[in-house]
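What follows is a short report on a single structure.
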Amino acid sequence: MTTIIDASKNGGKPVAHGESHGEHPDYRLFGLLIFLASESLMFGGLFASYLIYRASTTTWPPEGTEVELLLPAINTIILISSSFVIHQGDSAIKKNNVGGMRFWYVATALMGIVFLGGQVYEYLNLGYGLSTNVFSGCFYVMTGFHGLHVLVGVLLILGVVWRSRREGHYNESKHTGVEMAEIYWHFVDIIWIVLFALLYILTRL
Amino acid sequence: MTQAELPLHTPPSQSQGHQHPEKWSWYHYFWYNTDHKVIGIQYLVTSFLFYLIAGVMALFMRAELSTPDVDLLSPELYNAFLTNHGTMMIFFWVVPAAIGGFGNYLIPLMIGAKDMAFPNLNAIAFWLNPPAGLLLMISLFFGGAQSGWTSYPPLSLITNNVGQSLWILAIVLVGSSSIMGSVNFLVTIFKMRVPDMTWDNLPLFCWAMVATSILALFSTPVLAAGLVLLLFDINFGTGFFRPEMGGNVVVYQHLFWFYSHPAVYLMILPIFGIMSEVIPTHVRKPIFGYKAIAYSSLAICIVGLFVWVHHMFTSGTPPWMRMFFTISTLIVAVPTGVKIFSWVATLWGGKIRYTSPLLFGVGLLAMFVFGGLSGVTLGTAPFDLHVHDTYYVVAHFHYVLFGGSVFGIYAAIYHWFPKITGRMYNETLGRIHFVLTFIGANLTFLPMHELGLKGMPRRIAMYDPQFTTINQICTYGSMLLGFSVLPFMVNMVWSWMKGQPAGRNPWRALTLEWQTTSPPAIENFDEDPILWAGPYDYGIDTQGAEEETVEEMLEEVKAEVS
Amino acid sequence: MAKEKETVPISLITLTLGIAVTGISFWYGQNNGLLPEQVSEQAPLVDDFFQVMVTIGTALFLLVEGAIVFIMIKFRRKKGDETDAPYVEGNLPLEIFWTAIPAFIVIGLGIYSVDVYSQMGGFDAIGSGIAHNHSHHSVEIASLPGSEANLLMAEGDNREYGMGATPVEGKLPPDLTVNVTGIQYAWLFNYPDTGIVAGELHVPVGKDVQLSIEAQDVIHSFWLPQFRIKQDAIPGEKTLLRFVATQTGHYPVVCAELCGAYHGAMRTEVIVHNQEEYNQWVAENQIAAVPDLNKAVAVQQERSDGAFLEPFVEQMGVNEHTVTALQHLH
């Protein structure tokens, strides 16, 4: 043991750096939070640009590039409720209920896929493209970029489900991966709420 | 009173069941490796190669500017060189060398950890750099990006689309690398310090890296957003920055400078950290005002996020913005001044050793003071309206980035060379290197102030003949500067192979990295490091007390073992 | 520190040094000769401000660099001395002092710079409103392809950045308005009152001139070094510069923002006439003025890069050979 000296000086407190590579469960959560803070700034840059364009243009969105509201509203409800669904999964694993966690996580992933399908359907039916004007550019870049994050989130969730097939991979005391997927999903959700407000509500005021 | 290494000689324990070899072979340095020390060296060596490439570009540009006419380079090539010189010096030399190189090499050692928090993420972050560099080199074969490192649209939309797109991809790659690295640094410093190391005796380099990482995390993504929009404009027909499609070119400038002003602090904050390590060690005196230096890094980091519009005083910015950002820019001078005065006070009354790291540190101080003063003048909108985009600006940022960052990196290389290689560098060559670099830098960059004030804009291959003489002085200076790299390279290569063995702690420094062997073992410390003095507690007559603690500890260890 | 020099008290040395530093700083502030001649009403304002900054900067430079040189000599390690220096960790009053002094200096400079900026006319950047009628022609020249774009930019047209009327001029309309268009790699000057289009800027001395600046292709920057003013020409956005020339003569107009390969050649002249000369110039050129401005621009655009260089050949000191070489390269 190399931690003798530390332990003797430290009253036997566990010493973090005595662990081996890559096994720092608590660090991963912390790292993810820092990363998401950074990631939100990227959306922040896009949101700020969007607001500047909006402020400097008389009709926003310009004629011919309006957005519809019904489908995105349904999509929004699905995405927001999926945050509650995934939280059920997290509660389940905290009670050591791996089956419950898998159920709720698969449900979340399905909701994410439905959301993405809705996005694609909306893209196909809008009737204008990326390069029609600045608004359509903003619309596709922002929603597309968010959609990419949803996709990554779905893959993360499915990854958690895949890993959980091994007995004891996750349990009530060891479930950082589960929590990380959940936090990431909430992040994607929060970004969507802002996006929805900017793209679908602010265009109607 | 000598405060050398600990008298602990317990055999290195190898009972941890890791599959590492006992020592890295040369080929381990050329492949994916998660050891933070290997990654640090990988960053340093690759970035130095880019320094040489970008330096050669600068020499070509200076040669072109020795006459007012266009004679050596075509104007397109000149613009490609100025764009890539700036890009490489910033994104492929100073940032990776100071943050990636020394940040990775030193942070775990300084805080007594075995490695970074996420070694794999760390290795991936490094390995984003070579492809990025490759993209940039490929772009040169297509003529290179030619719209300056700022790449303002619409110019960047209409000149050399292939080169520009490759340039954007390269920058997005190194930006991602920088974000990954910053996550790693923050988690490592927050969570992996040896148990006794509180924030009050954290080495100042680590403090500086905390500020640097926060800044990188908050600003880099915004640049990425701007560059992605630019990429879409170039390749996918969008019109974010095309006025004829309703776009707005000034939006790009905001997105760009929101990152790129903080980028200046990314390049100087780690150097400030290096200064705070180098100076106390070589003058054998505690750092003056530890807390002031630590907190001023954070102050620079926070204020630095709100000054970006001073690059846009002549652009489409309303008056209130020009005034607000004048004031916020001027405020940055206060925490920076605190640091400079603290270092001068650290030197005062010390026992100054004329070693190469100290010489470069003091040279940095001398150059940075000047660059800081010209920076204050540039920060005021009414004066900036005259000198913006002139050689005055070029002179200013070379004083802070060459005289600051590059001098700091040299100081750091000399200071930690014995630790990294286990051998001493040649002091005479180091001093020659310093003298040549110091004279060369001042000869090159000092006259540029006058050029700018008198009316010579930057980024031009052809200029008004009245400026010929001053430009020729700058060109001679740049040749000296180019030459000054030679003694450095000879010194590094020769000393790495044949230098005197250095021992654990040739400088008798107190930070933890000097407690282990030189070069350190694969997981850094044979026995876990002990924090037995503050990082800068030079000059405390504690020898007796220390021996007691050490003996006590030895007894405790024996008691535990038996 | 000065134990060995008991004959000269430390306060005396400090006093002497202080006087010397102050003297040198003031002298250098006044006599640095770094700025070109002053040709606009704004120039003396900027130069006085620069002088103040140079004076303060020189004093700080001498003190800090002097301290560094002194320290490096005085406190170098004696041979064989391996001991540490005395333990000094900090000094709170001193640290407060050197935080407060720069803070005062920069706050002072900040206030001063706001004042200078205001006197230069910076706060009137939104334009006096009169400029809009005049600049109507130029909107047409610069109108960018696509009618949708014009619709989108309708509101953007009202925002004008740059230098407007000084507080002294108040709401008075400028005496002369010139529309300036930057294209790769030339400046075009269009006098809406007389219909003159010129390749260099002619203004009468002592008159209040307003430039309405725009760019057709990429960002340029309109810089008059002798006037100490600069404003970017931004595609899709109009900017203003308003000044009063104070001295007749020929002065350079420089493009300061990288605008392409021949950015360095994008130079012309501002010619400050006295009133009679100016009137004469107007009279001579009004007859020859091309009424169809679009044609003028079109002609300009058809020229190759190399052709753009030709007007600058004399000024730039490039010879015939270089120009041909450039054309060849291009």
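Backbone N, Cα and C atoms are what each Cβ position is placed from, and that goes for glycine too.
Just so you know, TrEMBL annotations are computer predictions that nobody has curated.
Under the heading region 'Disordered', TrEMBL lists A:1-21.
Long-range Cβ contacts of the transmembrane segment (A:29-53) within its own chain (Cβ-Cβ under 8 Å, at least 6 residues beyond either end) map to 60, 134-135, 138, 141-142, 145-146, 176, 179-180, 183-184, 187, 191, 194-195, 198. Marked as transmembrane segment by TrEMBL: A:29-53 (among others).
Summarising the annotation, TrEMBL assigns domain 'Heme-copper oxidase subunit III family profile' to A:30-204. Mean pLDDT for the domain 'Heme-copper oxidase subunit III family profile' (A:30-204) in this predicted model: 91.
The feature transmembrane segment is assigned by TrEMBL to A:69-87 (among others).
Per TrEMBL, transmembrane segment is recorded for A:103-121 (among others).
Counting residues 6+ beyond its ends, the transmembrane segment (A:141-162) has Cβ neighbours under 8 Å at 43, 46-47, 50, 79, 86, 102, 105-106, 108-109, 112-113, 115-116, 119, 130, 170, 177-178, 180-181, 184-185, 187-188, 191-192, 195, 198-199 in the same chain. Annotated transmembrane segment per TrEMBL: A:141-162 (among others), in sequence order.
The annotation transmembrane segment is assigned in TrEMBL to A:183-202 (among others).
Sequence-distant contacts of the transmembrane segment (A:183-202), counting only residues of its own chain at least 6 positions beyond either end whose CB sits under 8 Å from a CB of the stretch, comprise 29, 32-33, 36, 39-40, 43, 47, 50-51, 54, 67, 69, 72-73, 76, 79-80, 82-83, 86, 108, 112, 138-139, 142-143, 146, 149-150, 152-153, 156-157.
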